[in-house]
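Chemist: My questions all concern the structure below.
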């Protein structure tokens, strides 16, 4: 019996028309309750869904729960709900014309084209339309006739010379060595130090001359004047470095042999102190306070071979050119004279060039004149295109300059009084400065490359003295 009851319950659950017990009321029942009490619709069972026909039903005019007066009508045409545009109403021909016209070059009036071309020529120097900035193949176009490229110098310029490049060598700011120079005369017009090719530094201290061996540090007193009132006014080494010329305040020019440490000659031709000396092979030129320059041939007894009269005041600087063809002289009369080489004989000699632009006494160094109120000495480097100048008040410094740019390379300070003279070591690396503070300072400011240094030493060792055995 229980089996039959279970099947009856299962069969009732499978029937879709059977009302669901304990289910919420249907929508039509809720509307009926909301509209008020009344008779139930005919043919509709309260426990069964109404059997509604699709033909008699209508689509609701409003969405339940929303307000509004808009009526949603069913589309009258098939496919309208896919939103396919109606292409027949569009201007396809006009659109095609506009698209194809964009790819065509714009037509411009001849006046506008000419104006753009003129602007391009003025701004760029050439017509942009006629030139190709980037070319993948083909030869480059030739520049118009008369056209000059301002950037050409960047590609055709030669390699920058060593002296104009940025300075890369180390220049010590402190002196390599300081030597005492007691009783050195504080006189701008005198030339009291000179460095020989054999590495001996000659220094005139009042009435004595001392030799300092740079290699060993040995100091030798070469001479001392007999009369206490006579002082040394100038010293100069011969090129070979074995003879030293000495000028005195008593108008004498002496010649000394340093190897034997004895005087070879005493030449007298001036009538005033000899403040400057310069060698040209066997010719020794001396300048005196009278403004005269004498040439001495040290090989012969009659040594005075020529007189140059071109200064009205004391001659304070003499220097022969490296080739021995010209002699430059500077004087207290603010003049610089350039004299030709004389081969002896009498007569009047005239300078080939005279410079009158200076406004102070002029000293001459290495064949080129230089003058300034506060420049006391100048020296040209043999290793670089540079020179060094010694100054006086107020800083008493040495300044390195590049030539010909005239840019300052370095400043060397240390002296407490004005610099009197400068001289160069035989290897061209060290400069010795003598100052009124009674000191000598050695500056290693022109250090040379080791390979070039060996080549220079080898070339100097091959040279021999011209007058080694000819001085009497």
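Just so you know, glycine gets a Cβ as well, placed from its N, Cα and C.
TrEMBL entries are annotated by machine, without manual review.
Summarising the annotation, TrEMBL assigns compositional bias 'Low complexity' to 35-46, 56-70. Positions annotated as domain 'CDC20/Fizzy WD40' by TrEMBL: 179-363. Taken from TrEMBL, the feature region 'Disordered' covers 15-86. Positions annotated as repeat 'WD' by TrEMBL: 232-266, 308-339, 412-443.
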Chemist: Let's see if you can do this one: DSSP helix, strand and coil counts over the repeat 'WD' (412-443), in that order.
Modeler: 0 helix, 17 strand, 15 coil
Chemist: What is the pLDDT of the repeat 'WD' (308-339) when averaged and given as a whole number?
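Modeler: Over the repeat 'WD' (308-339), the predicted model scores a mean pLDDT of 89.
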Chemist: So how many of the residues in the repeat 'WD' (308-339) end up helix, strand or coil by DSSP?
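Modeler: Per-class counts: 0 helix, 18 strand, 14 coil.
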Chemist: Please count the residues of the repeat 'WD' (232-266) that DSSP assigns to helix (H, G, I), strand (E, B) and coil.
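Modeler: Looking at the repeat 'WD' (232-266) with DSSP, the answer is 0 helix, 23 strand, 12 coil.
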